[in-house]
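Engineer: Sending over a structure as structure tokens; questions will come in a sec.
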């Protein structure tokens, strides 16, 4: 018998998730790293451009917050790759691998801890937005669904980060690469401005980008409006992200560790 | 004699480099085998293969009778790994690190806490137990690493360069801990670049070079293999150097090596009785000496002779 039983595997994954959560508690600045940029953009865009882009800063804030949630979750999901890469380069992984635990347990643990990280990021963002005057127009049920949707989105796209994390040599390189990927993805969307004034090629992309579709779905859920269309589009993207990056990430993981 | 580790013909390539080039290794139960070699000799690669972290390209190895490639989970349940590459989490405290490992080894929550406390006590880390591991000194870190590898009471312990980069004081701390483990009957595979460490801790020494085993034996056997003993004389007056060189040359039948700066003459001797003859001859010639010694070659000389250029000049192997 060479495999570790499934229930044991899950228990090992939970133990390693506990480790991940301990690390969040010890290094709250890591959480700040991924939350601060979205908050800076939130404040800056609202007060600098809000008046010019929408009729008032209040109107702009209502449109911006759901989009910034998407940006936030993308930033937070890049931590998974950085963290795994750090573990591999520091030798923490070798210790785990020399123990009789499921090979996937460290991966499961990292991803489970990520859910907690995502949730904290989203809560911090919503608190700041509320202080600035943002109000959920619908109800608590829609809010819970919106948060669940954002977490699911993060969980689907974190495999891209795990893949890059296993591919590149150093944690710094992973961070840099993810930043380069996430920034254009965030700005080439309807998060900050409507797509109608964009040149055709950019608009074509921005209208179907996963960031735009999820932002629209969240706007529908939180501010009221159509949900079904953008939600369906987001789900297609999420399934596609998992279908492409999950196998790539696990393959790279198996090669690396 | 039962074997804890048996490796035969291990080969591992990294591109063009042969990290392991047909290594045989045996570690008997309850013994400490030291693998000695310079950087890049293949020591760590061998440990990684035996710890199931790397698949060998050829050859096979068993730990506790289980094949490292076919039955890695069984092997992992027998081993503890400490060293350069298997590390603790610097963000977590000593206690948290050990509790995590105990939980991964299926201890209950309470059992894990108890085991962690016990090991921290044993390794004199109780006071630092709540601090993040990154605040530990080098010696404390290695002790925590060691404790971490012992959580599951492993039958075989791998110590991969346990004192590399430590200052002498911290190194002594680690040695003390390892000696205690050895006294309690642990089976240990130790890799090191330091002869003294192998000499101090290991029952037998295997010397690696370029992925091959170039010598094996107890420390004193290895020393003997390099050659007999060495006779060293330093006359009080440099003016007597020529005369002493002649006397030494006549006695040993070989030309002694001469260091004009220090005034030291060195010659290999096969018969230790020559020492008293030399004393008498020097006395007859009225020459006094500041230094007169007969000694085994140092392990450093052995090391150089076995792995370095000297070996290629044909002194042995």
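Note that Cβ sites are derived from N, Cα and C of the backbone, with glycine treated the same way.
Annotation source TrEMBL lists domain 'ABC transmembrane type-2' at A:29-256. Annotated transmembrane segment per TrEMBL: A:31-54, A:60-84, A:105-131, A:143-168, A:180-202, A:231-253, in sequence order.
How buried are these features, and what lies next to them?
Structural biologist: For the transmembrane segment (A:31-54), the residues of the chain that approach it from at least six positions outside its boundaries are 24, 60-61, 63-65, 68-69, 71-72, 75-76, 78-79, 117, 120-121, 124-125, 128-129, 132, 192-193, judged by C-beta separation under 8 angstroms.
Long-range contacts of the transmembrane segment (A:60-84) within its own chain (CB-CB distance under 8 A, at least 6 residues past either end) are made by residues 20, 23, 30, 34-35, 37-38, 41-42, 45-46, 49-51, 53-54, 106-107, 110-111, 114, 117-118, 121-122, 125-126, 129, 132-135, 137, 146, 150-151, 153-155, 157-158, 160-166, 171, 174-175, 178-179, 182, 185-186, 189-192, 211, 214-215, 218-219, 221-223, 253.
Long-range neighbours of the transmembrane segment (A:105-131) within the same chain, counting only residues 6 or more positions beyond its ends whose Cβ lies under 8 Å from a Cβ of the stretch, are 9-10, 12-21, 23-24, 31, 34-35, 38-39, 42, 61, 65, 68-69, 72-73, 75-77, 79-80, 83-84, 87, 93, 96, 147, 150-151, 154-155, 158, 162, 250, 253, 257.
Among residues of the same chain six or more beyond the transmembrane segment (A:143-168), those with a C-beta under 8 A of the stretch's C-beta atoms are 66, 69-70, 73-74, 76-85, 88, 107, 110-111, 114-115, 118-119, 122, 136, 174, 177-178, 181, 210, 214, 217-218, 221-222, 231, 234, 237-239, 241-242, 245-246, 248-249, 252-253, 255-257.
Long-range Cβ contacts of the transmembrane segment (A:180-202) within its own chain (Cβ-Cβ under 8 Å, at least 6 residues beyond either end) map to 41, 45, 49, 53, 64, 67-68, 70-71, 74-75, 78, 160, 164, 209-212, 215-216.
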Engineer: Other than its close neighbours in sequence, what residues sit by the transmembrane segment (A:231-253), given a CB gap under 8 Å and a spacing of at least six beyond its ends?
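Structural biologist: Counting only partners 6 or more residues beyond its ends, the transmembrane segment (A:231-253) has Cβ contacts under 8 Å with 84, 104, 107, 149, 152-153, 156-157, 159-160, 162-163, 166-167, 208, 210, 213-214, 217, 220.
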